[in-house]
Amino acid sequence: MNTSPKMEMEMKMETKAAPEAGMIKKSNEEWRTVLSPEQFKILREKSIEKRGSGEYVKLFEEGIYCCVGCGNPVYKSTTKFDSGCGWPAFFDAIPGAINRTEERAGLRYEITCTKCDGHLGHVLKNEGFPTPTDERHCVNSVALKFSSAITSQ
């Protein structure tokens, strides 16, 4: 079937708007009971943490980064790199873990968790970083929970 770009965009929007199995839906009051005030401000109100203030900016230990709101694994430490931007940076997410919403003509996208729709940060493209994707997923530390792959013996 031959479709116009407008029809393709509408079909994508319809697909994204469909409720997903396992999606977590809570009221703001319910979110406030499980998130700290700072987590709520970022995940639910789409705010941003102060540059360089996040606990995961300089962490390069092996493990998995999960959405702090719902525990959904969103990034592997193997995709993390030091971009010098002041927030944790990744070049790719775990497949199916994030949604992207275009904000700046294909150069910047808001990223949210596919399971709870929590705001994680932004993806910026074509900045010239020597990564496999030429993308920088600039993520708020407060939106993440790190699980180390290193176990105590």
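Every residue gets a Cβ built from N, Cα and C, even glycine.
Taken from Swiss-Prot, the feature domain 'MsrB' covers 28-149, and the record attributes it to sequence analysis.
Summarising the annotation, Swiss-Prot assigns Zn(2+) binding site to Cys67, Cys70, Cys113, Cys116. Residue density at Cys113 (Zn(2+) binding site): 25 other Cβ atoms are found within 10 A of its Cβ, drawing on all protein chains shown. Under DSSP, Cys113 (Zn(2+) binding site) is assigned to a strand (E or B) in the three-state scheme.
The disulfide bond annotation in Swiss-Prot covers Cys85-Cys138 and rests on similarity to another entry. Under DSSP, Cys85 (disulfide bond) is assigned to coil, being neither helix nor strand in the three-state scheme.
DSSP assigns Cys138 (disulfide bond) to a strand segment in the three-state reduction. Among the features that Swiss-Prot reports, active site, nucleophile is placed at Cys138.
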Give me the non-local Cβ neighbours of Cys70 (Zn(2+) binding site): same chain, 6+ apart in sequence, Cβ-Cβ under 8 Å, ordered along the sequence.
Ile24, Cys113, Lys115, Cys116, Gly118
Name the residues of the same chain, 6+ apart in sequence, whose Cβ is under 8 Å from the Cβ of Cys67 (Zn(2+) binding site)?
Leu43, Val74, Cys113, Lys115, Cys116, Gly118, Leu120, Ala143, Leu144, Lys145
Can you give the mean pLDDT for the domain 'MsrB' (28-149), rounded to a whole number?
96
Helix, strand or coil at Cys67 (Zn(2+) binding site) [DSSP, three-state]:
strand
